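Swiss-Prot has this to say about the protein:
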type: TRANSMEM; residues: 5-25; note: transmembrane segment
type: TRANSMEM; residues: 43-63; note: transmembrane segment
type: TRANSMEM; residues: 84-104; note: transmembrane segment
type: TRANSMEM; residues: 107-127; note: transmembrane segment
type: TRANSMEM; residues: 184-204; note: transmembrane segment
type: TRANSMEM; residues: 214-234; note: transmembrane segment
type: TRANSMEM; residues: 247-267; note: transmembrane segment
Amino acid sequence: MAEQTIAQALMLGVLEGFTEFIPVSSTGHILLAGHFLGFQSTGKAFEILIQLGAILAVLSVYAGRLWKMLIELPHEPATRRFVLGILIAFLPAAIIGVVAYQIIKTVLFETPLLICTMLILGGIVLLWVDRWAKKPLYRDITQFPLSVYLKIGLFQCLSMIPGTSRSGSTIVGALLLGVDKRAAAEFSFFLAMPTMAGAFAYDLYKNYHLLTAADLQIIGVGFIAAFVAAVLVVRSLLDFVSRRGYALFGWWRIFIGVLGLIGVLVLG
């Protein structure tokens, strides 16, 4: 395995971990990095399996709370209602993701210009919502009305357009619906668990034939890097957005989108 390839795997794993749970589009960053670095040979298999590192990261950080919810589920109505809310929010993306899988993966994911455009547009929207979102009505993620869970789930469907961001679409939707900034990020974590796990399982089912023993080393490096980076982000993001909001992420999206556009137009 070439040293340069290991270095690329490490970089892309860190990139996946750091960007998966913040509203900047991990897919957009990974695809643009792969496009400009020429990291195409293990593309799909690598991208699928490093996502597992990010999934396990959020599960490990919230393991105690998830275990408590599991114990309470049979006899605690509030816990059952919260789990129902997560399921309601998850279903729209699950249904559309399966129905439109081929279009999403073969058409939209092959368009760097679209990715850059969505990074920029999403950055502008995030800046606007961060500045002008209405006064928070909901601060406890377990107490949203069921209609709010559904609407956040519908917003999440926008993330199927590469460059939009899964966490970004859910956070923007939550803020527009009156959810507190911290709670918006926290609910995005919980919604990520079934959404990312489902996407990972379906992607793996569709592409398992691409996995080879030769890829294991590079995938292992990317997986570990993604896990460590994602743990750091999940542990720190809630306090960060409570103090600073989301403006920094909006400006970052615009910067990367413009940089990507220049690269696409100049380098192709």
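Each Cβ is built from the backbone N, Cα and C atoms, and glycine gets one as well.
Scored on C-beta pairs under 8 angstroms, the neighbour of the transmembrane segment (214-234) with the top count among 5-25, 84-104, 107-127, 184-204 is 5-25. Counting Cβ pairs closer than 8 Å to the transmembrane segment (84-104), the top stretch among 5-25, 184-204, 247-267 is 184-204. When Cβ distances are compared across the two stretches, the transmembrane segment (43-63) makes contact with the transmembrane segment (5-25), since 3 or more pairs at least 6 residues apart fall below 8 angstroms. Within the same chain, residues 33-34, 37, 39, 46, 50-51, 53-54, 57-58, 115, 118-119, 122, 126, 162-165, 167-168, 171-172, 188-189, 192, 196, 217-219, 221-234, 237, 246, 249, 252-253, 256 sit at least 6 positions outside the transmembrane segment (5-25) and bring their C-beta atoms closer than 8 Å to a C-beta of that stretch.
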